[in-house]
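**Q** Here TrEMBL flags A:57-210 as domain 'Yip1'. Here TrEMBL flags A:70-89, A:101-122, A:134-156, A:162-184, A:196-215 as transmembrane segment.
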Amino acid sequence: FPGLADVSISQDIPVEGEITVPVGSQSPDDDYSTLDEPVKDTIMRDLKAVGKKFVHVMYPRKSSALLRDWDLWGPLVLCVSLALMLQGGSADSKDDGGPQFAEVFVIIWFGAVVITLNSKLLGGTISFFQSLCVLGYCVMPLTVAMLVCRLVLLAGAGTVSFIVRLIVVGAMFAWSTLASTAFLADSQPPNRKALVVYPIFLFYFVISWMILTFTPQ
Amino acid sequence: IACLIMYLFAEFDDAANLLAANPDATTISIDEPVEIPKNQHSRLQEPGREEDDELLGTDDSDKTELLAGQKKSAPFWTFDYYQTFFDVDTYQVLDRIKGSVFPVPGKNFVRLYIRSNPDLYGPFWICATLVFTIAVSGNLSNFFIHLGKPTYRYVPEFRKVSIAATTIYAYAWLVPLALWGFLMWRNSKVMNIVSYSFLEIVCVYGYSLFIYIPTAMLWIIPQRVVRWVLVVFSLCLSGSVLVMTFWPAVRDDNRRIAVATVATILLLHALLAVGCLAYFFDAPELDIPAPIIPAHNSTTKVVLEQ
């Protein structure tokens with residue numbers, strides 16, 4: 001630093017002072033430091049986030065909460081419970097029965113990944129995991145439908161029960177598709193919306209078909 | 001089908017004569033940058049392709065063809081490269097589907113609809129829809145056929161979905177690969193006017209499978225005659241799309257090889273349809289009335305004893 005070459009401190013002026021770092025409680029780090037909180041708080045916070053997203057799916061409005069803070073806990077729980085409830089179907093031989101646990105899992109996750117890739121390739125602006133999150137959470141009406149179907153099948157397996165199941169599954173399929181479309185359609189270019197919505201329709205149709213054709217032992 | 005093929009050959013002979021009579025037709029060649037190797041052969045045929053365009057009519061003036069030259073330049077390991085294969089709008093996909101279901105005699109599907117913008121959206125999702133349509137329709141059809149029988153228990157037959165998926169995706173990707181390899185090999189021996197890139201062939205095959213979706217849904221009807229009429233009808237429609245696409249690519253070749261190629265294309269297409277019908281849809285049986293002969297014997301015995 002050539003300009004400072006001739007700066008000098010006169011010997012008469014004492015150089016003194018204090019160097020202290022204020023250790024105050026208003027540093028922003030404290031708000032995000034969750035290491036010291038009780039475990040219950042941590043779990044409850046995540047559970048509340050998941051629960052809030054479930055409510056968003058039940059009443060689909062164009063809110064961005066589902067998109068902003070994505071998580072995959074909800075989809076995992078829904079997928080596992082759906083796959084478990086689809087077990088126990090009747091089969092004379094292994095080849096004729098309903099989908100196995102792994103098949104349901106693969107269909108849901110691989111299907112969601114393919115749909116996400118499809119929407120991104122078509123020019124969508126949504127991120128990969130946000131899309132997975134939305135598609136996974138919107139499986140919830142169909143999981144509810146599966147629960148209802150199993151309960152109805154406990155009462156009997158005749159034509160009336162089939163019609164009830166058909167109506168319930170049909171309604172939940174429409175709900176799932178509309179909910180996920182409400183969240184995902186905005187992030188697509190307008191002249192390609194139908195191209196993005198159709199695979200979502202196919203995805204939920206396949207899941208609905210698996211639920212509707214479930215026949216117990 | 002033979003009459004249809006002869007008619008189509010006559011159409012294309014006319015087009016070839018027009019081309020031969022007018023070799024100096026001015027063409028507009030659109031400059032495209034160097035692309036991935038598998039597109040190079042079709043780029044070499046650029047002037048001939050433009051002449052075919054003029055003969056077949058260029059009434060669709062979308063600017064995507066002009067921009068087509070500037071888009072395929074990303075290296076194949078980037079996401080943008082694959083995005084170029086999904087550069088279609090809704091109306092374009094619907095137009096292509098319409099073109100595959102209502103083939104216009106004399107118009108080449110690739111030239112008219114694809115126009116240097118092959119997409120992978122159509123082939124992939126049409127195949128996915130077809131897989132599930134065949135599996136679901138087969139299941140429903142079997143259910144209705146066996147409905148009254150007391151020994152029948154409904155089974156979802158989920159395994160058939162994976163079999164259907166393997167078959168249809170293998171057909172939609174391996175047959176175009178084989179056909180493209182074969183056409184490239186013949187191209188090296190005989191200079192063809194028209195040649196296609198691999199993706200264009202995949203595109204044609206994918207869109208030509210669309211007609212099988214409503215066909216599979218109608219196969220639920222448990223009448224043998226109806227099913228076979230549907231097979232023939234859909235085979236004619238999608239087969240004609242394929243024939244009209246590939247005949248210009250092989251007609252300059254040895255006559256026998258050209259005919260054999262087109263015949264193989266049609267045969268494989270027919271095999272797919274018939275195979276799906278046979279495997280996923282049980283044959284509709286007639287109800288056999290319960291045997292009445294033992295009762296008849298016992299009554300006659302009683303009469304004799306008296």
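Cβ coordinates come from backbone N, Cα and C, glycine included.
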**Q** Need a quick answer: max count of Cβ pairs under 8 Å to the transmembrane segment (A:70-89), which of A:101-122, A:134-156, A:196-215 is it?
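**A** The stretch I would name here is A:134-156.
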**Q** What residues elsewhere in the chain lie close to the transmembrane segment (A:162-184), defined as a C-beta under 8 angstroms and at least 6 residues from its ends?
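**A** 57, 60-62, 66-67, 119, 124, 126, 131, 134-135, 138-142, 144-145, 148-149, 152-153, 196-197, 200-201, 204-205, 207-208, 211-212.
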**Q** Taking residues 6+ outside the transmembrane segment (A:134-156), which of them lie with a CB under 8 Å of any CB in it?
**A** 53-54, 56-58, 66-67, 70, 72, 74-76, 78-79, 81-82, 85-86, 108, 112, 115-116, 164-165, 168-169, 171-173, 175-177, 179-180, 183-184, 200, 203-204, 207-208, 211-212, 214-216
